[in-house]
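Feature annotations, courtesy of TrEMBL:
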BINDING   15, 75  substrate binding site
BINDING   15, 34, 82, 91, 92, 93, 100, 101  ATP binding site
BINDING   34, 82  divalent metal cation binding site
TRANSMEM  37-55  transmembrane segment
TRANSMEM  61-81  transmembrane segment
ACT_SITE  75  active site, proton acceptor
TRANSMEM  102-126  transmembrane segment
Ligand SMILES: Nc1ncnc2c1ncn2[C@@H]1O[C@H](COP(=O)(O)OP(=O)(O)OP(=O)(O)O)[C@@H](O)[C@H]1O
């Protein structure tokens with residue numbers, strides 16, 4: 001009985017470790033193949049450097065982390081939808097077009113949101129910096 005529950009626990013752990021492995025594999029594949037994701041990573045790095053330069057507050061960092069994480073997540077979901085559509089059909093199909101276009105629209109809407117949030121976060125710091133330096 002004790003052995004059974006130990007085996008079950010071990011099984012649960014190995015399933016958990018396996019699913020991390022699958023997720024990392026998906027992440028690696030998307031980063032290596034998706035140009036948009038590479039652009040987002042470069043922009044995120046620049047934004048983090050800018051954040052360090054302006055010494056953002058904890059709450060502003062938290063907002064930035066949510067926006068950057070959300071952007072990556074959405075881009076990964078978009079990539080996954082593109083792959084799924086390609087798996088279903090390589091022929092031209094109006095529904096395939098709609099699925100890809102709407103998925104791309106979701107990324108676009110969040111990108112605009114991220115730009116606005118970024119502006120709202122950085123504007124006061126930039127203003128203060130300009131006031132102090134000019
Ligand atoms: N099977 C299809 N049927 C109809 N339209 C399609 C189909 N596949 C792609 N499209 C259209 O062509 C556009 C570009 O397709 P593509 O597969 O190159 O996707 P993408 O958004 O450029 O993604 P990526 O280049 O990152 O793989 C889509 O947004 C969609 O409008």
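Don't overthink the numbers, they just go from 1 along the chain as shown.
The backbone N, Cα and C atoms fix where each Cβ goes, and this holds for glycine too.
All annotation found in TrEMBL is predicted automatically rather than curated by experts.
Since the structure is predicted, the reported quantities are computational estimates derived from the model, not experimental observations.
Mapped onto this structure are the features recorded in TrEMBL.
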{"residue": "15", "record": "substrate binding site", "Cβ contacts under 8 Å, 6 or more apart": "none"}
{"residue": "34", "record": "ATP binding site", "Cβ contacts under 8 Å, 6 or more apart": "75, 79"}
{"residue": "82", "record": "ATP binding site", "Cβ contacts under 8 Å, 6 or more apart": "100, 103"}
{"residue": "91", "record": "ATP binding site", "Cβ contacts under 8 Å, 6 or more apart": "none"}
{"residue": "92", "record": "ATP binding site", "Cβ contacts under 8 Å, 6 or more apart": "none"}
{"residue": "93", "record": "ATP binding site", "Cβ contacts under 8 Å, 6 or more apart": "none"}
{"residue": "101", "record": "ATP binding site", "Cβ contacts under 8 Å, 6 or more apart": "none"}
Give the helix, strand or coil assignment DSSP yields for residue 100 (ATP binding site).
helix
CB neighbours of residue 75 (substrate binding site) within 10 A?
21
Contacting binding-site residues, sequence order - 15, 75, 93 vs ligand 1, Cβ under 6 Å:
93
Would you count the other CB atoms within 10 A of the CB of residue 100 (ATP binding site), including those on all shown protein chains?
16
Please give the greatest C-alpha separation between any two of the ATP-binding residues 15, 34, 82, 91, 92, 93, 100, 101, in angstrom, as a whole number.
38
